[in-house]
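*Asks:* The structure is given below, and queries will be raised subsequently.
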């Protein structure tokens, strides 16, 4: 039987392709160093694991959870926002628990997008913004993120007829894949734009806590009026090394949160309650581990930037995320450069065109392996590339 058109038209998921390349190379006996997928390699804090173990022994947690999540977890999220950002959230109406923020990002279009509707999607950007749009029958209008504009979308360049048809605008800062950051002035411009065109802003803040050199990323919800026009997604995945635990949230505008909770109640049965209790421990417990996470990633960032600059690049150190976004050398496309370094150096990088057309000419490096393996990757590239030109 033929698959549905929505499946046939989906692009292959970027990271599934990368994982396949890694597996194939390792089957050939190649010692692969992966700078590709951004999956934290440090352990989850021990007090979080201990909480999971304790709650897993409670039979009450073996039953169906509520789709909107434990009130205690949503309260912990609200307290976290008040402590970090001074943002007030009603945990009952303005927070919903997610099975990882990716799940909510994929589902939010089902709440508002009908066939023929438009979502505003960053390019380059996390592929799920576009995929969720397509699954809902919508169309993506891609907002170019260019180095000349600090990898921020130029809101004034979006045609008014497109903006009037748009239902959702996805933004993501600190940004994957570019590592760019946004300030409250930009967020305020987004709020005014959303008001002008009656659209909903969906801010993906997954990397909000992965920051360096004393920089602290603002929340979109800190911008005056932001809670009237949008929501913010976040999770415990990156700051607490819990990507495999699948626990996140959306928070902000109450009617949007209610709509997302309604979709979830008809699609999934919520996150395992023991994991939610562990999430509470992560958000409310000791935070010294987060300081160490930042220190380790900052050290790795410096190794990558300084190492690639010694090969001829001119990279600046990103203020946030655990990615470095770099141009490909002269004579290569994103894909051809990634293929070459895999074949000749046994190093995986992520081609920028996997994040959209405006990612062409770039590649992404993830800082989620040990510094020793990073240094080895740089030396392998030195042997293969020599000194590069742009």
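Cβ from N, Cα, C; glycine included.
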*Asks:* So Swiss-Prot lists 101, 102, 176, 207, 235, 236, 237, 246 for pyridoxal 5'-phosphate; which of 81, 85, 126 goes with them?
*Replies:* 126
*Asks:* Cβ-Cβ under 8 Å from residue 246 (pyridoxal 5'-phosphate binding site), same chain, 6 or more residues apart: which ones?
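*Replies:* Listed in sequence order, they are 99, 100, 103, 271, 275.
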*Asks:* Pull out the recorded positions from the set 101, 207, 236, 238 whose C-alpha sits within 10 Å of the C-alpha of residue 38 (substrate binding site).
*Replies:* 238
*Asks:* Within 10 Å of residue 207 (pyridoxal 5'-phosphate binding site) (Cα to Cα), which of the recorded positions 102, 126, 176, 238, 364 do you find?
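*Replies:* So the list is 176, 238.
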*Asks:* Including all protein chains shown, what's the count of other C-beta atoms within 10 A of the C-beta of residue 364 (substrate binding site)?
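*Replies:* I count 27 other Cβ atoms within 10 Å of it.
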